[in-house]
Amino acid sequence: MEETAVNFKNLGIREFQGHKKKVHSVAWNCSGTKLASGSVDHTARVWNIDAHGHGKVKDIELKGHTDSVDQLCWDPKHADLLATAAGDKTVRLWDARSGKCSQQVELSGENINITYKPDGTHLAVGNKEDELTILDVRKFKPIHRRKFNYEVNEIAWNTTGELFFLTTGNGTVEVLAYPSLIILHTLVAHTAGCYCIAIDPVGRYFAVGSADSLVGLWDISEMLCVRTFTKLEWPVRTISFNHTGEFIASASEDPFIDISNVQTGRSVHQIPCKAAMNSVEWNPKHNLLAYAGDDKNKYQADEGVFRIFGFEST
């Protein structure tokens, strides 16, 4: 696919407002039809999104958490099931059609990370105390807990679910076998802490964003860094591959989100933003990028918004 196949300059942005405080996390469901947002206001919301940006958007509020909803993720096999992780130590499973919480479990610390195994059977949850908990989704009970003696920042499975990745404050990526969680590789990835990780949906690469402001692209089969993206000047907070694995978006405290071509390393577009970004996430079917950050209004209060870039300009 040629780089010129997507003309990002002709695409527009829409803003979505509903939260009372800043949005920490945005995530698309597996069919690319719904977007969930998690906020410091203790709620999550689910939005029905038309890929072309037509029509009024309805949203459902998911209420129940008593602290910031720091991260959320959708069941990779079910377009209406959503898991949320919050600072109130609970993980909750929601039905996006009814807005009701169907399952919940209380863990040992303030939860900041959550990700589904690609087959939808397990959930991994990370907390502020650098403890990893694996949940059996069917029973919604912990089946494994492990505390690490270093800072664990973000977690991810590869596309087959056989490898499990941790980014650490030591500048390393720990690659573990799954389900044994035996460490296979310790990759010295950056000169500063590794903050975020994204897996290319095609399964060839993973990318790591670091406090050194670089994004490294790694070949999964070789466990070698093949390229770095250097456009950002601040610690990289969030990264995401598009659905074809052709583009990668990365964001930080810089006044823009960078979109680069994965194969050439060249920046192809920059989306201006007014605040530090907390979450960028490409739609799994279309070139739509959802993003959310620390936006303030003119009174310096949280705006509680997220935006989607990629709609056809009218």
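A Cβ is built for glycine as well, from the same backbone N, Cα and C atoms used for every other residue.
Heads up, TrEMBL stuff is auto-annotated, nobody curated it.
According to TrEMBL, the feature repeat 'WD' maps to 16-50, 62-104, 187-228.
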For the repeat 'WD' (187-228), DSSP counts of helix, strand and coil? 0 helix, 24 strand, 18 coil
Helix, strand and coil residues within the repeat 'WD' (16-50) as assigned by DSSP: 0 helix, 19 strand, 16 coil
